Amino acid sequence: RYYTEVRSPILLEDYHLVEKIADFDRERIPERVVHARGASAKGFFEVTHDVSHLTCADFLRAPGVQTPVIVRFSTVIHERGSPETLRDPRGFAIKFYTREGNWDLVGNNFPVFFIRDGMKFPDMVHALKPNPKTHIQENWRILDFFSHHPESLHMFTFLFDDIGVPADYRHMDGSGVNTYTLVNRAGKAHYVKFHWKPTCGVKSLLEEEAVTVGGTNHSHATKDLTDSIGAGNYPEWTFYIQTIDPDHEDRFDFDPLDVTKTWPEDVVPLQPVGRLVLNRNIDNFFAENEQLAFCPGIIVPGVYYSDDKLLQTRIFSYSDTQRHRLGPNYLLLPANAPKCSHHNNHYDGLMNFMHRDEEVDYFPSRFDPAKHAPRYPIPSRTLNGRREKMVIEKENNFKQPGERYRSMDPARCVPSYCINQQAIVMNLHG
């Protein structure tokens, strides 16, 4: 170390000290604006049922096909170090590393969402986040906002039921939430909703239990996931789909693309597709959790978007927030890059660490051996009419939440935590 005497000032030429402190000052990156608190694990997805008549997706081509995955579970509204026992939706995001590139299925543990219009998303998050004056989350702000959005009522029947606080990440459902489209080799499209059901069942915490568990260990769900995988008790989910022929969408009293609605299972039954097994803990929390980035826009042949307005907004929003959080080359990071061979003409930019020695950075070219990817069908739509902003025709905001509430047992069923009306009232009362 460079000192002229024991108590002398540090010299600027002490390069290693300056470098160490400068690096330390920059260790933290912006946390996610939502889903900041989370935990990840790796494993595989295996097809168990033939769905090749519905999709040409290669990773779903036949029973027995396995695809490596990484999954991130999260809370939604609260900060990175917040307790994992707060009443909050839980994120359930899966990245499939397929032979045709990555597919990101970015969902939650509940099958519906608060709003259907992406324009309202920033305001919704602002209302759920702490008061900008005091940095305290306040119920009056939340109730004020959602009182203007009756479509949120369905989501509240899930959030304030006793399933609103999952016991841990292993014992909760997952849902793609939005409506997507499956396309087969003939080009036939079906609307689809994705669902995950834990083979070990759903378990939740009552309000008083959540206070006790969260006060003992604010990282209890992360620890449970890590310890369970480390002990060989691998979490597993069964993957189901629901499908609707777009030609039949007018047969329902709601819009099938409305993210605040569920598809009744007695009318649109669940179809088993495969299983998800998490059998490896991540090697580094920062590299495989904080730098892990998902976007609903990342799809593979055979899976496509729908005109779900919230999904259309998410396609842009997720990739944009990752560029802000991780930089323009976030897709080069090992956790986010495809495992299959791939090529694009995205060059340079901050933190571009991909070694490339090509002389041709454009396409097509007679000097470049790159070829077109195989052609695959995407849904065709005939559009006509006048463009204007308007409310969807079939809002029907109260039927499904009313049916769900009336289907509940009137009294709280302890300790089985059955769905019940009293729980909704007690949890809302706080």
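Every residue, even glycine, has its Cβ placed from backbone N, Cα and C.
The shown structure was predicted, so the numbers you read here are calculated from the model rather than taken from an experiment.
If you look up TrEMBL, you'll see H35, N108 marked as active site. Per TrEMBL, heme binding site is recorded for Y318. Per TrEMBL, domain 'Catalase core' is recorded for 4-371.
Positions of the features from TrEMBL, shown on the structure.
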| residue | record | Cβ contacts under 8 Å, 6 or more apart |
| --- | --- | --- |
| H35 | active site | R72, S74, T75, V76, G91, A93 |
| N108 | active site | V76, P89, R90, G91, F92, G174, S175, V177 |
| Y318 | heme binding site | V106, A293, F294, C295, P296, G297 |
DSSP three-state assignment (helix, strand or coil) for H35 (active site): coil
